[in-house]
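Quick notes on the structure that follows.
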């Protein structure tokens, strides 16, 4: 309860005033005690916090030591490094919190005690002294003798002086007490409020930091679950193996395995030395890689038989020792002794089996070389061109072999001859993994070639093994976004991007200049794996470069002109598939991106040709991106023809997006194209806006997955959503609305995307935008319910499924196309005229001028018939 002292009572100096003053003094003492106790506890809290913070730093340091010690495990090292970095930032937040507590609570309250409470207590002492003097003056004045005028006059004078002094000091004291009681109302609250602001900042910063870490934590949790499963499986297998070994009644000293139908054996044998004393030494013998060698220490290998095909083995009884046998080589022999008769028999059989297997491998290699020497049209398995990567060739061969084995297993199962269960590659034909595996090269890891990859990078369109996926995560989501093929849910548009790209297509671009020595294998170390992946995707060390302007003599084979001056972008017209074509009929390999010579019709009535001048001298050559225009007999649309000096990755990405050609888009990105580049020649539009204009959902998803900003404005202040609404592309609008964006943004005409959709009378886009706005507004008002969120999600999912209604039955043309960057059909003016003779319009007029064109062939339409 706050006590208020009145100045009137102070002048009266009534008993009420004295009682109120006493109560106020008690309150001041209590206030000082309480604040002093608060300051002490705050000091203890700050000091304890600093001790805790130091302990946290020590813990972080020990965790870092564990990470640095795990040099052979990139997952443990990378994960602990990321976590300790986050914990260090949290520790710095704690330090700032404790400093704020010290400044806002302890220091400020100490100042309040020193500047407000202490002066009040000092003034109390002055008030008590003046009060005593005033009381003494009153007593003397009352006791003065009236018969002594001088004495009466003196006491009156002292009394007046004492009364004035008392009243002055008393009013000062009353004012000080009143001010102190008023200040105590907000001083404590103000200081604690400052501390609460510090707490709010601390927890907000911590929440933001951990929120950014949440996706990585979920990813680590998924990996840990898989590791736990593998650990449990390993533990069970080790228990079984332990029990099996414990149940063995004896040990023959030999250990056998079977590799390619050849028995490979290893174990201890006694070998007789070739010295004069004929001593016997115990050594560890091994048969491996058609060689017989022994060792005493791990790295001390001695090869006894360099080529096992040159030796033979036989029993011998020439020595007094038991269980001996002889290995005979041209010009020499040596004796070996086993630990038992069974071990000797096993060694002899193993050597004989290895000799037979070595001869069998030699015969198969000879037959293979004979097959490779046959003409190309005699070989059943497709062979890639000389410019293709060795990895692409090996991946294609392994995929073909796997496909043949799968077909054979299915046939054997039907006939009842083989009852073994199929591998997981053949299970669940309708799931995402089986669809993605149909894309060339996707049955093996895009980086190391390991079979049956279970992870994928949706921003690159490739499948990965678990080891390579960990390396991709360490690159960051701006380079590679990793998802699980089995654990994560896949949107239809993301699956479509995966079907448009694939390992074979991506490796043609990212490893165009890689040699066999640069490649990694499934058994490569984590350090070499990470170094290769960084060189491949971050440094782009092996990437295919863009062609540059050539000199007077073009360097490309097939060029007939003398100048390389222009390039253009073409997109194949949509056609309907043949009704007689079986959906399961295999399709011929068709490259997605190629660089080759392509003649472009310059129109009838060429003035130069009509004058009879040398055609070759005045023709322009044009480089073609995409497979040959005339080789497949399809119709194409041409876009703007550009000068070659304007060819750069940003413009290539822009034109490839206009053609909806994902492989060429990836080629531009691989050459460091900026995904948010604005084309000054086209009103500042971006590639994402071009994807919205042409209505390509895969191209749009590819751009978004690779960091395209959804709220970028062009010169007309329009976003990609504006163009999706303007061109009535509902599927693209649905795709964009799944992201967070400002739906109220207006263009220079003051129209939002919703206004444009209303003007275009597109009910679907209007519905989607209004649903999105309703959902966002309800979330801002905290009135959103699970039923509302589920409704909006279901609507957007329905539109996505309507965009790709046949995604559960993947298009065979996407799954069976084989892609090569180089080596397309090279057309001369004669072959061009031959291919166009069926069109009366094209045969009219004079010979067209040659141009070498940068031609981007779109694979947007999956149902185009291809020749076999």
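Each residue, glycine too, has its Cβ placed from N, Cα and C.
Taken from TrEMBL, the feature compositional bias 'Low complexity' covers 390-407. If you look up TrEMBL, you'll see 390-425, 550-619, 828-868 marked as region 'Disordered'. Feature annotation from TrEMBL assigns domain 'Arf-GAP' to 430-550. Among the features that TrEMBL reports, compositional bias 'Basic residues' is placed at 563-576. The annotation repeat 'ANK' is assigned in TrEMBL to 683-715, 716-748. Look at TrEMBL and you will find 828-848 tagged as compositional bias 'Polar residues'. TrEMBL lists 859-868 with the feature compositional bias 'Acidic residues'.
When the repeat 'ANK' (716-748) is classified with DSSP, helix, strand and coil residues number 15 helix, 0 strand, 18 coil.
Using a Cβ-Cβ cut-off under 8 Å and counting only residues 6 or more beyond its ends in the same chain, the repeat 'ANK' (683-715) has close neighbours at 458-459, 461, 478, 481, 493-494, 496-497, 500, 653-654, 657-660, 662, 665-666, 669, 675-677, 721, 723-724, 727, 729, 731-733, 735-736, 739, 741-742, 745, 803-804, 860. Looking at the domain 'Arf-GAP' (430-550) alone, the prediction's average pLDDT is 88. Across the range of the repeat 'ANK' (683-715), the DSSP-based residue counts are 17 helix, 1 strand, 15 coil.
Across the domain 'Arf-GAP' (430-550), the DSSP tally of helix, strand and coil residues reads 46 helix, 11 strand, 64 coil.
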